[in-house]
Amino acid sequence: MENASSVKEFILLGLSENQAVQKICFVMFLFFYMVIVAGNLLIVITVISSQCLNSPMYFFLCYLSFVDICYSSVTAPKMIANFLVENKTISFVGCIAQLFGVHFFGCTEIFILTVMAYDRYVAICRPLHYTTLMTRRVCGWMVIGSWVGGFVHSTVQTLLTTQLPFCGPNKIDHYFCDVHPLLQLACTNTYAVGIIVVANSGMITLSCFFILVMSYVVILVSLKSQTSKGWHKALSTCGSHITVVILFFGPCTFIYIRPSGNLSADKSVAVFYTVITPMLNPLIYALRNKEVKSAMRKLWSRKVGSENGK
């Protein structure tokens, strides 16, 4: 990597260069990050410790929450720290590592969301075969497949970027290292690489989104014969997932299935899938799900009871 580039570090311009705005952003995003870690960690602990949350849906939810913590941790701490310092530099190796992490955890999340949609499809459309189709072993392989898929995607994006020469300028108009901002800084023609990058990201995003949409179309069609109570129960279990899918896939689709354009607009949109969605996931899944809320209350009661018994 060092031989291909004379640039040893990059400068992240961040969301704003206004000092007053940066101080406000520091407080706001620090709060957001604390909510992300605390909320998602609470879901992970609740699912692991609760015997009633042993269905595949909660198995996948546990991994989704874990991925959200990792995903936001790749970008948020550096962004928050940069709000308080003048020297907003990141080393070349650190930048590439951040690029790899963003695409690794982001793509893994896309696959897990897709797997969760398949789980809801089987549960609602093929309930008699659910226990045989969605065994613990099958669910485990689905999660492993999601991690492997994310790793392969991220490796391709990272290798394509590291092969480019960077000889200046080194200012990245973003709050983290991503493919499109780096392509604009490369001192060579990046048209072909840009097409491959868009094709790679676009193929995964659109194909998974298509599977998600088709899953819910089939679910809605199958619900025609259900009673209003069946409708309500099915939609209540799918509603949370549909909300998260819209919040995550909308911004991702805007950023990654088109060539790089206005980076100022891109970094504002990126806040939604790197910070806002990971923060809202625990609230969406916990507040809309009676079983999760009940398990959290039991977990809290056990903790309080054990402390009082000491």
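Using N, Cα and C of the backbone, Cβ positions are placed for all residues, glycine too.
Annotated domain 'G-protein coupled receptors family 1 profile' per TrEMBL: 39-285, in sequence order.
Among residues of the same chain six or more beyond the transmembrane segment (20-45), those with a C-beta under 8 A of the stretch's C-beta atoms are 14, 61-62, 65-66, 68-69, 72-73, 76-77, 79-80, 83-84, 275-276, 278-279, 281-283, 285-286, 292, 296, 299. Sequence annotations record features per position, and here TrEMBL assigns transmembrane segment to 20-45 (among others).
Annotation source TrEMBL lists transmembrane segment at 57-76 (among others).
The annotation transmembrane segment is assigned in TrEMBL to 96-118 (among others).
If you look up TrEMBL, you'll see 138-156 (among others) marked as transmembrane segment.
Long-range neighbours of the transmembrane segment (191-223) within the same chain, counting only residues 6 or more positions beyond its ends whose Cβ lies under 8 Å from a Cβ of the stretch, are 107, 110-111, 113-114, 117-118, 120-121, 124-125, 149, 153, 156-157, 160-161, 163-164, 179-180, 183, 230-231, 234-235, 238, 242, 245, 249, 252-253, 256-260. Here TrEMBL flags 191-223 (among others) as transmembrane segment.
The transmembrane segment annotation in TrEMBL covers 235-257 (among others).
Annotation source TrEMBL lists transmembrane segment at 269-287 (among others).
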Who are the chain neighbours of the transmembrane segment (57-76) in space, where the CB to CB distance is under 8 Å and they lie at least 6 residues beyond its ends?
-> 29, 32-33, 36-37, 39-41, 43-44, 47-48, 98, 101-102, 105-106, 108-109, 112-113, 115-116, 119-120, 123, 136, 139, 142-143, 146, 175-176, 237, 274-275, 277-279, 281-282, 285, 291-292
